[in-house]
Every structure is written in C-alpha cells, then in structure tokens.
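Chemist: Can you keep this structure in mind? I'll have questions shortly.
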Amino acid sequence: MLYSSRGDPEGQPLLLSLLILAMWVVGSGQLHYSVPEEAEHGTFVGRIAQDLGLELAELVPRLFQLDSKGRGDLLEVNLQNGILFVNSRIDREELCGRSAECSIHLEVIVDRPLQVFHVDVEVKDINDNPPVFPATQKNLFIAESRPLDSRFPLEGASDADIGENALLTYRLSPNEYFFLDVPTSNQQVKPLGLVLRKLLDREETPELHLLLTATDGGKPELTGTVQLLITVLDNNDNAPVFDRTLYTVKLPENVSIGTLVIHPNASDLDEGLNGDIIYSFSSDVSPDIKSKFHMDPLSGAITVIGHMDFEESRAHKIPVEAVDKGFPPLAGHCTLLVEVVDVNDNAPQLTIKTLSVPVKEDAQLGTVIALISVIDLDADANGQVTCSLTPHVPFKLVSTYKNYYSLVLDRALDRESVSAYELVVTARDGGSPSLWATARVSVEVADVNDNAPAFAQSEYTVFVKENNPPGCHIFTVSARDADAQENALVSYSLVERRLGERSLSSYVSVHAESGKVYALQPLDHEELELLQFQVSARDAGVPPLGSNVTLQVFVLDENDNAPALLTPRMRGTDGAVSEMVLRSVGAGVVVGKVRAVDADSGYNAWLSYELQPETASASIPFRVGLYTGEISTTRALDETDAPRQRLLVLVKDHGEPALTATATVLVSLVESGQAPKSSSRASVGATGPEVTLVDVNVYLIIAICAVSSLLVLTLLLYTVLRCSAMPTEGECAPGKPTLVCSSAVGSWSYSQQRRQRVCSGEGKQKTDLMAFSPGLSPCAGSTERTGEPSASSDSTGKPRQPNPDWRYSASLRAGMHSSVHLEEAGILRAGPGGPDQQWPTVSSATPEPEAGEVSPPVGAGVNSNSWTFKYGPGNPKQSGPGELPDKFIIPGSPAIISIRQEPTNSQIDKSDFITFGKKEETKKKKKKKKGNKTQEKKEKGNSTTDNSDQ
C-alpha cells in the first residue's frame, strides 16, 4: 500500500500532500512504501515489480534480488506475482529506537541489463507500548509547615512509541491536599510536580496514598501508574533553595574524564543541622546518568566520570536535589540539562557490494560494477560524506541515492592492455579536520574474443631439397593471439586449393596444434619448383577469429637425374650409332653430334662431353666438343686409319656427385667413290646395311639432281634480273658477290629480294645466308674462300666479332621443353687458337671452324629426338683468328646456313630467313638510296615467288 492515508478530518490536505510526494517519487526514480510495525507474516506491502516497470516473466531470468542492507529478511518479494510482503516480525522500537523517522531501505537488483532500484519502506508506529514510570512507587517527605502552592517535582513516565502514541496525559487520584502540575509543550525542561493546595497537618493526616496515572494518545489508549506515598513531617521551616531551577551546560562528546560540569548552589535559611545541605541526584535518575556523571554530596560539584557520545545521546536531563539535615529533612530541586556537542570523531564507514565482477572487456559504458554505501555517525558537516575514486581508471562513481553510490564503467576496457584494476574508494567527511576511510575494489577484466591470431610475418619463404622423405617436417608456423584462455587457443589448418589436378593436402599438411608443416610426399624439383599455399590460424573463441599466412616453398634441385641421350630413329644392330665418313674429309669437319639433356637445373644440368680414355688415344682422328657434343676430325684422314672407329662419348653433368651417360658411336671410313654421304637417319638397314645404303643413295642422287636443276634455272633467272639492274650493283660493297643456293626442299630457300637487300645495304656487308643441298657441290663463291676476307673483315683487316644481338627468339624459347635446361656454356670458336664466343644454348655453335656447322637449340623447329651427323669438304684455307664460320648445318634438314658478315648498320629484312633468336632491329634506316628503292620494286614479284618456297 503506497502512501496509505488515515481517515481523519484532514484527509483532503493529506491526500494532496501525498500526491505531491508521489510526483516527487516518480521523478526521483525511487519507490516508497509504508507498513505498520508488528504486521503479520505475509502482509501486503506493494506491487514492487509493477511499480518498477518489470514484467513478471522476467523476474527470474533477470536474477531479481532484494537487498535489505543488514535488516535481515524482514521483507521479501514473491517472484511469481511481484508482490513485496512482510516476511518476519518488524519492531519499530527495535529498529529505530525513539527516532522520529524509521524506514527500511531496500535495493532491488536485476541483471541483463544490470539495473539497481532504491526502495524505502516506512515502518509505521502502532501503539504497542504503554507509558512506563521509573518506579512503581515513589516516596515523598513533606513537612507539615510547607506553605500553600509549594511544588514537589515528580519523574514522569516514558513511552517507547512516537508521535501521538507517545503523547502522555497524567491524572492524579482525587484528594484534597494536592493537585497535579503538568508542564506545557514549551516547558519540556520543567518536570511534572505536585502542588500543595491545603496545609498539611501531621497529627490529622500523617500519610497520604495517591495514584498517578499516565495515558498515551494511541488508539486504544494505554496507561501506566505509579504509587505516591507522601509522609508528613514535623516542622523544619525552610527547605534548601537553588539559585536556578534549570542549569544548562554544553559539553563536547570527547570531554575528558573528571571534567567539572557545573557547581549548582543551594541555600537554606535555617541554622544548624536544618541549614546543612546534602546534594544528590534524584532517586529516580536513570543508571545511564549515574554512569556518566558524579555529584559531590557536600559541594554539589558535578563531574564527568563516563564516556560521552553524541551519536548515542545528544542531551542528558539530570534531576538534582538538595536535602537539609533537619527533621523532618526538607529538599530543594533543580534540573541540569547537559547538551552533548558533536565533534568529528567518527570516520565514514564504507560498505561495497560487487555485482559484475569480472567485467567483460566489451561491457557497455555505464555498466554497474558495484554498489557502495557510506555512513558517518557524526552530525551536520561532520556527517556529510563525499566519495572519490582512484584517478586515471576507466570507472567512475555515480551518486544514486542519499549516501549511496554506484561504481560504473566510464571508458572502454582492453584486457590485453590491463587485465585487472585495484580500485581505491575514499570517503571523506566535512569535518575539520576531516576524517576519511578507504575501501579496495578488485575488478578483473574478463576476456572476449576481440583479437585474431597474428603471424609475425605475412609471408614466409622456405627452402626444401627435393626427394625429401615422406612426412618430413619442413617448417613451423606460429601465430600469437593476445586474448586469453580458449580465445587464445590457436589451431592451424591449410587453406585448401587445387594444384593442377591434385589438391594441396596431397602435398603438405599442418599440425593443428603445433603449426608444424609436413611434406606428405617426396617433392620433385623437376615437377614442382615452387609450392605456394596459405596456412590459416583460428582461435577457439565464439565467434572464432583467424588470419592467414603465405608460405612459399622453393624445392631445391638435387642431382637426381643422369644425362639422357636423345635417341636417334635408327640404330645399329649392336645398339651403337653408325656413321660413314669419307676419307677425303679434312681436319675440323663435324661428322656427328651427341645430343643429351638433363632434367635437373643449374650446375646439375650443365653437361660436358668427352671421349672415354680407351678411345681418346692419339691415333684416333676424332674429338668431341666439350660442351657441344659435336664430333669432329682432328686431322685429315689417311689410309692408315682403321676403317671402323668405335667412339665412347661420356656425357657428364656438374652435380655433386656427377652423373654420367655413355654414347657409343661407330664411324665407318669409306672411299669417296664407294658411296656418297648419307644422313644418320638412313645409315643402317634392317637386314643388310650396305644394300640399303646403295638403294638410298640412288634415290638421293635422283632427288638431288632434280633439285639442282631447279636451282640452276632459278639462278639463271636471278642472274638475268640482276643484270637488268646493273646501275644498282655499284652500290654493293667491294668484294665478290655471294650466291645463295636454295635447297629443293624449300625450307631454307633464299629470295632474290633478300639477296638484293643484303647487297644494297649501306657501308660494309653483313653476314649473308647460303643454303644448298648436301648432295651437290656447293655453289661457286660459297665453297671458295678466296673472297671471304673482304666479306668477313673490315678495311683494317681485323677479324669481326659475332653480332652481340644473337639471342633465342620467343618462338625458340617457347619450343623448348621445361625439363630441358640450357647448357651453361656453348662455345663458338673462330678458329684454332682464336678467341671463343660463349653461347647460352643447348647445343651452341661448333667450336671447329673447319666445318662451320652448328645445330639449333632443342625445339627450334627441328626434330629434337634425332641424331644429327653432317660432314662437308674441308676448306683448304683456314679462317683467321676471330673470324666466324661461314656455314651452319641445320639438324634434321638437308640445308646448310652460311653466315657472312656485312656492315652492322645494314638494313635486313628478317622475315625472309631464320636468325635463331637474333634480335630484330627496332629502327630501320629512314634514308635509303633511290636506286635501291627502284630495284626493290622491280624484284617484288620475284621475291614473292622465293618466299613461297620458304
């Protein structure tokens, strides 16, 4: 029942006051109820859930709690209906004593979200205590000679109730001698007394028995009585008289023991014993007064003998009497009022109740961490308390009610920075000097999963040798999570993806807890040079957070692949490769070539060739190129040389340890009249090598003759066209014109337009290209070397170096298989004793200048899986130092490329011949001679015909 009203005539003003108070309650956010004391168990107090705006269904889930601040379980809440009721006996006098206000302060706490409500339940007083006198009987001794209107003080009754229930009225039993003098409300210091209205006569009435009744103002009324026994004494004319009826003294509560309070003075007009006075407290004074004060019976001095406490009692009213020694003795009375002055002797008292500990680091601002109540027993400024908190912390104190504070979150928390706080709450009063008290609050910050695992690097590079054992440990990834407990428990996994037709997990795996990365199978550098993948780190928080790191695993090559020989199409019966060489060949003629590849890389794939010791004797007229594998003659062959030479060529890589392969080459020396040169593709028959060789040669001669006839006709036509353009011939550089012989195959035919452009270039001549059939004699000018000095040397006679722009073209590089690696060095020798030119090719230009044959790289438009053997007539005239060979044999093709040098600034149409990767000139000459332009127009038709053969 909220603000229950009383049914009295002043109900309307009271109702208005209650309405105003209710409006204040709503504005302050607090609830006020009232309940009478001594209410029975289960008495309804109020619908607390409804008044707080809480739904009944959420009381239990939100952990509804009721805290009565040390008042026990006087009140409880029914969580089913949200009603506040009386749980046990409430005694107002026991709770609050004689205090005018008595209330039970409750705190209602609900969670999710955390809310705190303050509820005051006022305990209404009922008239359950009757008035009580200090004693049930009081004896009075009054002399018969006392004049009328003499007053004799009495100790009044007390009522433990308050208000109207403690408002006492007195009634004296009917008699003819005395009436009762009751002080008014503004005469509280004046005691109750009997007033004599008729003279006493001891002889007539020696004793009087009166009954004093005290009645309170409660309903129903309660009463208390005391028996008054009045003894009439014989004459003692004058009673002692104090100079004041009321003495008022103020003492600080920390007054020292023995301090003089006051020295009341009484006088008696009688003489002798009738004038001697004895001082004392009244007989009905309380024991508490006797424990705090002492009165000297002779001097009347009152001193302090006990501890004074303002918080216990703010004033002491002491009845004092002075009695003479006459007979009958007469007494005088006065009252001493001792007011206790408060001093700041009580420090504040702090009580802390933690609610949300530990606090999650993502808690919202304003979250209540703890409730703090403070009490100071002093009064006024000495009892006014202010609270403060340790500075520089993410918390603050908020005053929620009188002497109540809430510790709330003021700033965002970060457990990774500070995991716990030791807070100190200081309560300081307003006294001088002020007193204070402190209390500590430990606030632990609970972790939330707000940090993802982090790797030290975003990418790691790992080097692993190939052919590793399955399951070997290759690396360990480690991620650190700044969170705690399960939020920092990191597990690792692969970010799955596919590598070709296989999944990543078939190559590597990662241990979920340790982060160790294992190779599940042997890695092969030739199959997989770089394995790039990601490892994911996830924590165990909810929701889980994660990050990825990239691993680049480079598979290092080991020398695990021996050189592999490129097998020719036809073999001899004994597995060796046979080749026939004319005895008339001179020194330096390339008669064959051993081609091998190594699947490894780097030095492990750098191949070298050498003859086996048993075959590399001085009598054998052959040698093998160290890095090219080309077999050439070391001298001119003669009749003393064995007709069949067996060569063992050892192919070795540069790995550690080196791996080798051996090729067997059978060289047959034949007379020039016995058989022409045949290629290695037709050197061996199925049943009879010699019969097959003859048949092949017949067809070969017929084909060569046909091709040669066509070539002669082409040359005649070309000569006629050249003669018709004689004015432009003078523009050619000095020297014998170089003829171009085209093969009937047509793959290496050389157009007249190309010939014209080579010849008409500015400055000195560049290297020209000559193609001819191996079965025919070389064209005039290509086999004779008398005119070569002017074509291969400049005006100073110094040998020219090869064009530095010789490179693999994109088409040549694309044709090479990924497992075939370039040899580290190919050697092109200009001549015996001359400087060498290194070529980064699989099979570089021949080091023997006599033959002038080269083979293109593997995949450069020829059959890479065939053996290539070429021989040609030796040139009796050797090139000078630094000169380049003028012919190259194209493997797999019956054509020889002849290279001659022209001036470096000549403009060449590179669309008409193969340059083996030579860079195309990016800038053409802007100025050409007018005659060249005219000649090119005339030869346009002829060049079109020639290009169609290519």
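Here the Cβ of each residue, glycine as well, is placed from N, Cα and C on the backbone.
Here the structure is a predicted model, which means the values were calculated and not measured.
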Chemist: Can you tell me which of these residues Swiss-Prot lists as N-linked glycosylation site: N254, N942?
Modeler: N254
Chemist: Based on what Swiss-Prot says, identify which of N548, N932 is the N-linked glycosylation site one.
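Modeler: Of N548, N932, Swiss-Prot lists N548 as: N-linked glycosylation site.
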Chemist: Where DSSP helix means H, G or I and strand means E or B, what are the helix, strand and coil counts for the domain 'Cadherin 4' (351-455)?
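Modeler: Counting residues by DSSP class gives 4 helix, 55 strand, 46 coil.
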Chemist: Would you list the DSSP helix, strand and coil counts for the residues of the domain 'Cadherin 2' (134-242)?
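Modeler: For the domain 'Cadherin 2' (134-242), the helix, strand and coil counts are 4 helix, 47 strand, 58 coil.
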